[in-house]
Every structure is written in C-alpha cells, then in structure tokens.
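Visitor: Okay, handing you the structure first.
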C-alpha cells in the first residue's frame, strides 16, 4: 500500500513538473519579442522597397526562399532595368532547410558565331561599352526555371503576376532608375529612347509614369508557357530577329542550346561560420582570399582606433591590390583548370601573400601582378531567409548601365553587354564560354546563426562584401552600420578611391604611405543582407540605392 501511494505521488509530481515546464515554454515563446525593425519569421532584402515587399508576399503565401527571390528579381527588372533583367544572367546560392547548399549558375555565354577579333575592340580605359556585338546568350530565365524546379513551392505563374501588373499599369520612375535615363539618349538606342520618351517627345525623368507594356506581354507568355517560350518559342524568334537586325550574332540555336549548371558551393571556414561561395567564373574566390588574408591580423574593434585604424586600412588596401592581381584566375572551369582558383581559398596561400605586405609602404602595379582590365558595374542582389530556415543569395546583371543599350522592340527585353567582361582577361574566347564575374552571392552558417549576403557594383562587389563582413563580425558593428560604413576601393589601375565621409585623417595618412588617389567619383557598391540570430531576423537593403527590406 505504501509503495502504491509512493508511486501515485511520484506520478503526480512528474505531471506537475511537466505542466510547469510547458507553462514556462509557452511563456518564453509568447514573451519573446523581436526588437523594432527586425522580424520573427522571414525577410527579403532587394534593391527597392517595392521589390522586397513583393518577395515577402510570396513567402507569406507559403512560398519558398527561391520563390521570394525570383519574384523580387522580376520586379527589379522594371524598377531597376538599368541593372538587370531577362536579357542578362544570374548566380544563385541556395541553402535548403537541411543546410545543404547548391550553386545555380545561369551566367551568359559566348554565342556560336562570335566575331573572332571582338576583343581587339576593347577600350584601353574604362568606359560604358554598348552595341550588339557584346551581347552574350542570356541565361536569366533558364536560371529561374532551374531554381524553381529544385526549390519552388508556389505555381510558376504566381511569381510573375505582381510584376506583370506593375509593368502594364505603369509607375512613377524611381530616383535611381531616373538617374540613368540620360545614359540612353543616343542614336544607337532607338527602342530604349522610345520607351523613355513622353507624348511630347521629351526624355522622361524621375517621377514620370513609365510603362513596360511589351515586356509585360513577354512576361505573361513565360508565366503561362514556361521558360521554354523564351528559348525556343515565339519570344526566341522575335528576340533573335531584333538582335540580328541590330547587328548582333546570336542565333535561335544559341538560345535553344543554353544550359544552366548546378554545382556544390565551395566552403571556406570563417570563424564560427562556414562560408558558402560560388566557384568560378563567379568572384567568390576573391572574397575568400581577402577575408582569409585579413583574418591573420587578429582584428577586433580596437583595430579601428587611432593609428591602428590607418594600419588596418593600409593592410586592407594591400589585400585589395593583390586581389586585383588574382582576378585573372576567375575563369570558366569548362575551359580552364580550377587548380589555382582552389588555391586562392586556402589559408596557407593567404598567409604567403600576407608575408609580402609591409606595414609602412606600398608598391606599383607590377608588385601585385596586376594586369589592367576594364571595370564592370551595375548588377542587382537579393537576399532571402524563409521561415523553414532555407536561404537564397542571388546576384543578377546585364553588366553595364542598360547593358548593351540594345532593347528588343518586339519583346521589350534589354540585352546585356556581358562579353565586355572578357576585356583584359582573355586573349581568345570560345562559343559557350562564360565570362569572369565579380558576383559573389554568399551564405554564412553557424550552429545558431545564418547570414545571407551579396552585393552589386561590378568590380566593387567583393571588396564591399569583405568590408561589411569585417565591420559586422569582427568589429562588432550592427549589420546596418556595417553596410553603411564608408568604403575604400582599389581600381584595376592600382588607384585608390575613398567614399564620401571616409575618415579624412586616415585618408591623408594612407596617401602619405604612397597610396595613389584615383579620380573615383561614384561608388556602385550596394550590399543587401539578411541575418538570423537569437531567434530574430535583421534585414538590410543598402541606402546607397535607396533600398528597403521587408519581412514579417
């Protein structure tokens, strides 16, 4: 009897403990509130508030991180058409809910009938390169198709509807888009000029209502018929007709034979994180090299105080100079060995280069093995974190401002000038080859944290991302502060540029060390990132492009 009572008491006590534990868990969950400006479930960071919200809405409908990213990119193709669109290419870094990471590469390729002497037309100094001869085979829509096939949850057509409606109804030209309209006021861009010409024959400006009606038709066909319509259907016929009429070499066979590649991400240890980067021809190896080199200096928040700040930036600039000399190893792996590219991600290689950096002087371009090459610019980036923990970091581009500045009047598609990325990098190019890229969509994952990050700005991408990662993860700045911090940049000619509001005293000290100041007036680095830690999500779209993130 006594044993029976003891058993009953024990059971009651265990039940009571269970009830108390449940109450505590519920109280913690109910009481846990994320700080203002952060989110508890999911978020999207795109170039504009409009596109971030469209991506977020897909997540709220039960869509995947890929669904949100594709919808945000489609929106960006009309909000910032000078940066990206259906006539370009993209690179996705996708982490599924189990933590596996894949790279989806839909970068443009060299067409089959490429001009054999094309690279002889490369300018010696940077300038916007326009013309149909620079158009690569666009892979953008094939990339979306592959990403959606592997990771999509919502119907394909659903992702297109918000942008189709926006393109048909029209909207006020945003400030960033309006800033670049003057770039197309030239004879060779007739279709583009007509798009941006008002009823009085004047070029539109910021605030005027613009409609992308032809593009809306194209998007609707793709939404209803799938990506195949772009690559083998009526759209393909119209697109090739317009490109060839403009003097380009692309054929229907080029479009029909385009293939997306899906590979494993390359993984680089980064403190408590594993950093997942895209392999060549993307620029992930350059980002990896920079952070590995700087990691050896054991940096922390004190590195930004007094003379240590000058020393930090001196070493960082030296790292950037060496990274410029290493960009020649970003090559299409189908056409060249990846052996040296893999070496660039190794800490031993970074240590070797670190030993070549002096604390009190700099050197000329030859010391860093710099081969002058043309800068690239433009691009857009979207970072997404979904409720299930999956993530997407995707960068997309048509290369220079409005790409080749050739728009297909029958389809409304603005074509890239991606072949100009071979200038200064290759002596010969071959059909099917992908040009080198600075794009480095990245996901960092630790046991309890996830950071999804990427940048726009062409040649400024990897240096901007490295600066943000150091400011945030080593120097203790918030994600927003890290992205907003003024940057330093080294161009392909070894000249150094300082963003407005960069510390003037440090700048003078760096110039005294011999760093030659370049005449850089515009900085195109725009970092968009989403981070989950402590159960909350912080999402930041760079204010440099007037971006605004969205979440819930």
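Quick reminder: no glycine exception, Cβ is built from N, Cα and C everywhere.
Given the structure is predicted, the values throughout are model-derived calculations rather than measurements.
Below, the features straight out of TrEMBL:
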TRANSMEM  7-30  transmembrane segment
BINDING   107, 397, 398, 399, 421, 437, 438, 458  L-glutamate binding site
ACT_SITE  379  active site, nucleophile
Visitor: Between residue 398 (L-glutamate binding site) and residue 379 (active site, nucleophile), how many Å separate their Cα atoms?
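Guide: That separation, Cα to Cα, works out to 7 Å.
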Visitor: Taking the Cβ of residue 379 (active site, nucleophile) as the centre, count every other Cβ atom within 10 Å, in any protein chain shown.
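Guide: Its Cβ shell of radius 10 Å holds 28 other Cβ atoms.
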Visitor: Give me the Cα-Cα distance between residue 438 (L-glutamate binding site) and the residue listed as 'active site, nucleophile', rounded to a whole Å.
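Guide: The separation of the Cα atoms works out to 10 Å.
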Visitor: For residue 458 (L-glutamate binding site) and the residue listed as 'active site, nucleophile', determine the Cα separation and express it in whole Å.
Guide: 7
Visitor: About how far apart, in whole Å, are the alpha carbons (Cα) of residue 107 (L-glutamate binding site) and residue 379 (active site, nucleophile)?
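Guide: If we compare the Cα positions of residue 107 (L-glutamate binding site) and residue 379 (active site, nucleophile), the gap is 12 Å.
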Visitor: Whole-number answer please: how many Å between the C-alpha atoms of residue 437 (L-glutamate binding site) and the residue listed as 'active site, nucleophile'?
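Guide: With distance taken Cα to Cα, the residue listed as 'active site, nucleophile' is 11 Å from residue 437 (L-glutamate binding site).
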Visitor: Around residue 437 (L-glutamate binding site), how many other CB atoms lie within 10 A of its CB?
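Guide: Taking all protein chains shown, residue 437 (L-glutamate binding site) has 28 Cβ neighbours within 10 Å.
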Visitor: Going by a 10 angstroms cut-off between Cβ atoms, which of the binding-site residues 107, 397, 421, 438, 458 has the sparsest surroundings?
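Guide: Candidates: the binding-site residues 107, 397, 421, 438, 458. Fewest Cβ atoms within 10 Å: 458.
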Visitor: What kind of secondary structure is residue 107 (L-glutamate binding site) part of, going by DSSP in three states?
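Guide: Going by the DSSP assignment, residue 107 (L-glutamate binding site) belongs to neither helix nor strand, so it counts as coil.
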Visitor: Would you kindly give the Cα-Cα distance separating the residue listed as 'active site, nucleophile' and residue 421 (L-glutamate binding site), rounded to the nearest Å?
Guide: 13
Visitor: Based on the record's binding annotation for L-glutamate (107, 397, 398, 399, 421, 437, 438, 458), what whole-number value in Å is the widest Cα to Cα distance?
Guide: 14
Visitor: What's the number of neighbouring CB atoms sitting within 10 A of the CB on residue 399 (L-glutamate binding site)?
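Guide: Total other Cβ atoms inside 10 Å, all chains included: 31.
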Visitor: Across all chains shown, how many C-beta atoms besides its own are within 10 angstroms of the C-beta of residue 398 (L-glutamate binding site)?
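Guide: For residue 398 (L-glutamate binding site), the 10 Å Cβ neighbour count is 33.
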